[in-house]
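Right, one structure below, let's go through it.
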Amino acid sequence: MIPTLLYGRCVRLNWKSVVFLMMSLILSHIRITQSSVNSNNPEVTPTKLEKISSDTDRSAVTINSSSKSSSDTSHCPNDTLCTDLPNSCLQCTYNPQCVYGAEINVTCVPKTNVLCHADRLKTAAQNEIRRTMVCRYCYQTERWEHGCEQKGGCNSIDSQYKTNCTVHPELLCMGHRTFMKKIPCNWTQGYRWSTTLILSITIGGFGADRFFLGHWQEGIGKLFSFGGLGVWTLIDVLLISLHYLGPADGSLYI
């Protein structure tokens, strides 16, 4: 039992009740944090311009890349078998009527200025350059399959911004290889993850980690509850180590 002075009266609290209240407070904070993360990183959907562009692309049977990077052949090997050329050195013919997400075979030819030769021991059909790809447009590729131009000076007010993204040269996809996309604004205010973790492990029981990150209300609650009798302290160490608990202003660790 814990004696507590409330409005001049001594109130006794059961240990089980204290632990239950602390766990309820922590779980409530986790739900609020998760909803905040989802609101700061909403699902990105294709813009109206991208949809119009994709509809225009579907009207053509053969879709060629229009970006400068796709026409660069300086990295392509010379005097090699045409079937051994990398995808970035090929120009392929796509079928816009394919089923999205399905693996399809496409026929390709070497790009202009790429020197290669066919295998004389094979037939013309065997020397035909065929590649396997996933039926999709370039703007539908995953985040790790294209690179985007980063914007400097963005902040929490500008949570997302439009920029040019270009798919990797070796990836085969339909449509324009460079496209516009909304990406999250990754910014930082100088909070170090290592410093936060050390504070949480050493004096996190007094709410130092929460005060450091700007979570003042939780820090005060953690201070007067002695780290939630140790439970809150252990949970915060785990959340910080997993990068789940970050600065209150929404910035990233450095």
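Residue numbers in this text run from 1 along the chain shown.
Quick reminder: no glycine exception, Cβ is built from N, Cα and C everywhere.
Listed in TrEMBL for this protein:
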- 1-35: signal peptide (SIGNAL)
- 37-76: region 'Disordered' (REGION)
- 48-58: compositional bias 'Basic and acidic residues' (COMPBIAS)
- 65-74: compositional bias 'Low complexity' (COMPBIAS)
- 190-237: domain 'TM2' (DOMAIN)
- 191-212: transmembrane segment (TRANSMEM)
- 224-245: transmembrane segment (TRANSMEM)
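Mean pLDDT of the predicted structure over the domain 'TM2' (190-237): 89.
Taken through DSSP, the domain 'TM2' (190-237) splits into 40 helix, 0 strand, 8 coil.
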